[in-house]
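Colleague: Below you will find the structure I want to go over with you.
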Amino acid sequence: MKKLLLASASPRRRELLAQLGLGVTNFSFDVLATDIDESRHQGEAAATFVMRLATEKAAAGLNRWQHPNTVALGSDTIVVVDDNILGKPADAEEAIAMLSQLSGREHQVMTAVAVTDGHCTESALVATTVTFSNMTAAQIAAYVASGEPMDKAGAYGIQGLGGSFISRINGSYSAVVGLPLVETRILLQKMQLL
Ligand SMILES: Cc1cn([C@H]2C[C@H](O)[C@@H](COP(=O)(O)OP(=O)(O)OP(=O)(O)O)O2)c(=O)[nH]c1=O
């Protein structure tokens, strides 16, 4: 029987994957964090970059896992604003700078998901437009002090305190949180896991 390996350290991705009901439908999944180089190649477009990272996470997970009949899933989320790509902030100062850039305007969240069994690799990219309301400097400082921004692309979590600053989204909520559920379901169906 095939096994699914979630190549991710993200608790959000684990919860989202559980929403596909894998346990209920015969297939449970295991989780293994990967540690790939997440730096961007010179001149690499945002969409290419996020797809490459998702694919590399899936491949690295499969490589480390070394169990037969496994399909590994990797995912990556970035925030794109103007021509900048925002990943996870390195420190509070960078989180403040990111939120100041996002305040009062639209940006894109790109999430890629990739699955591989070592022979066949399938992937999908989802772009969602997110609109932030205006945040005052005091609101940004208080939000950063909450700690929530630190492990999240663009320094916010739509599913947490950050959600109260988001006036609109156009696209996939689950993709913003870290794993697009519809696209993931389709990929798992292609790999005969669902
Ligand atoms: C925009 C946004 C991002 N995020 C998260 C999703 C991702 O976990 C994180 C972006 O970092 P990623 O590098 O995509 O993922 P990760 O390091 O958390 O986990 P792994 O590589 O092991 O799979 O930001 C939210 O939780 N909420 C949001 O609203």
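Even glycines carry a Cβ here, placed using N, Cα and C.
Heads up, TrEMBL stuff is auto-annotated, nobody curated it.
Sharing the feature lines straight out of TrEMBL:
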- ARG12: site 'Important for substrate specificity' (SITE)
- ASP76: active site, proton acceptor (ACT_SITE)
- THR77: site 'Important for substrate specificity' (SITE)
- GLN159: site 'Important for substrate specificity' (SITE)
Colleague: Given the recorded sites THR77, GLN159, which one has the fewest other C-beta atoms within 10 angstroms of its C-beta?
Modeller: GLN159
Colleague: Can you tell which of ARG12, ASP76 has the most other C-beta atoms within 10 Å, given these are the recorded positions?
Modeller: ASP76
Colleague: Return only the integer: C-alpha distance in Å from ARG12 (site 'Important for substrate specificity') to GLN159 (site 'Important for substrate specificity').
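Modeller: So the alpha carbons of ARG12 (site 'Important for substrate specificity') and GLN159 (site 'Important for substrate specificity') sit roughly 9 Å from each other.
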